[in-house]
Amino acid sequence: MAFKQLLTAISIVSVANAALTRRVACPDGVNTATNAVCCSLFAVRDLIQDQLFDGGECGEEVHESLRLTFHDAIGISPTIASTGVFGGGGADGSIAIFAEIETNFHANNGVDEIIGEQAPFIQMTNMTTADFIQFAGAVGVSNCPGAPALPVFVGRPDATQPAPDKTVPEPFDTVDSILARFADAGGFSSAEVVALLASHTIAAADHVDPSIPGTPFDSTPEIFDTQFFIETQLRGILFPGTGGNQGEVESPLHGEIRLQSDSELARDSRTACEWQSFVNNQAKIQSAFKAAFRKMTILGHSESSLIECSEVIQTPPALEGNAHLPAGQTMNDIEQACATTPFPSLSADPGPATSVAPVPPS
C-alpha cells in the first residue's frame, strides 16, 4: 500500500513538473515560451537589437541602457517612506515617465539621452515603461562577450509619482553612504554592491569630465570581463582630461577615467577582498552580477507578482582572451588592499603602454 502511494505521489509530481515546463507555440510561428505573455518580447528584442543597439553591438546605447536600469530601480527608500513621505517605487519607470523631474537630479546627469532614444520603442510596444527599461538593459548586455544572460521579468505597473531625489549614489559619496543607500533600497550586502559594480566593466563616463565624453572605466569597455576590477587596483598616476573634477581620482592609463567611489570601494576593508575576488574569475563575475541584477531589477515589486521571461534573452558571445595587466604595467603597480589574500599574479600585455580609446557615439 505504501509503495503504491509512493508511486502515485511520484506520478503526480511528474505531471506537475511537466505542466510547469510545457512550452507554448508563439504566434510568430518561430519561437516557443513557457508563458504566452513572453511571446511578444521576441519581436521587441529583435527590434531594439536592430534599431537601438545598432545590429547587436556592445556600444554606447548598451552602456547607457544598463545604467538606466539602475538609476530607475534604485529610486526607492523605505527609510524615506517611514517618515510618511513617498519613498519611490523602485523599478517603476519613473525616471522616464517623470523625466522632466528626475533627469534634473544631479546623479541622473546625462540619462535624458537614452530616455529619449528609448521613448519611440516604448510607444511601439505594449510594454509598460517600467518593464521596457529593464528589458532593454538585459537585451543590450547580451551583446557583450563574457556577459551572463540576465533575467527578465514583466508585469511591473508604471509609476504614478517621481522617485525622490538623492536616492542614486554619486561618485563622490563615501563608502559608508553608498553601502547605506544600497542597504536601504533593497537590503543589498556589501558583496552585492561590489557585484553590481561589475556593470562598470562595460561603461564609460560622459559628464564626470565633460571635456572627454565617452571615457571608459577600464581598457575593454566592449567586453564583460574582469579588467575593471584589475585596473581599479592599479596605482593612479594621471587624469585623462582636465583633472580636478568632483568624483574623479587619478587613473593608471591614458584614456581611462576612475571614479572616486570605485577607487574607495576597491580599497575599503569591507569590500576590498570581495573586489579582488573578481580578478581573473569570469565565472564569479557572471554569476554574482546576474544574481545582484535579478534582485535590483524587481525592486519595489514582489517576484511572485511578475512573470519571468528570461528565455527571451540570447546567450551572450563567449569571452576570448585572459585577464591581464595592461601593457606597461607590472605587479608592482598593484595597490594591494585585501588584507587576507594575495592579489592574483597576472602577466602584462606586450607592447607600448596601453592608451584607451573613448567609446564612440552611435
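Each residue, glycine too, has its Cβ placed from N, Cα and C.
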Item to check | Cysteine from Cys273, Cys309 that Swiss-Prot links to Cys338 by a disulfide bond | outcome: Cys273
Next on the checklist: If I go by Swiss-Prot, which of Asp206, Asp209, Asp218, Asp225 binds Mn(2+) at the same site as Glu60, Glu64?
Outcome noted: Asp206
Next on the checklist: I want to verify the bond table. Which candidate from Cys26, Cys38 sits on the other end of the disulfide that Swiss-Prot records for Cys309?
Outcome noted: Cys38
Next on the checklist: For each of Asp92, Asp206, count the other CB atoms within 10 A of its CB; which of these binding-site residues has the top count?
Outcome noted: Asp92
Checklist entry - When a 10 Å sphere is centred on the Cβ of Cys144 (disulfide bond), how many other Cβ atoms does it contain? => result 25
Checklist entry - Taking the Cβ of Ser94 (Ca(2+) 1 binding site) as reference, which residues of that chain separated by at least 6 in sequence fall under 8 Å from it? => result Asp72, Gly75, Gly88, Glu102, Ala159, Gln161, Pro162, Ala163
Next on the checklist: Let me spell it out: for each of the binding-site residues (Glu60, Asp72, Asp218, Asp225), count the other Cβ atoms within 10 Å of that residue's Cβ, using every protein chain shown. Which one has the most?
Outcome noted: Asp72
Checklist entry - What recorded positions among Arg67, His71, Asp92, Asp218, Cys309, Cys338 are found with a C-alpha within 10 angstroms of that of His200 (heme b binding site)? => result Arg67, Asp218
Next on the checklist: I'm trying to understand the geometry here, so how far is the Cα atom of Cys38 (disulfide bond) from the Cα atom of His71 (active site, proton acceptor), in Å to the nearest whole number?
Outcome noted: 25
Item to check | Secondary structure tally of the region 'Disordered' (341-362) (DSSP, helix then strand then coil) | outcome: 0 helix, 2 strand, 20 coil
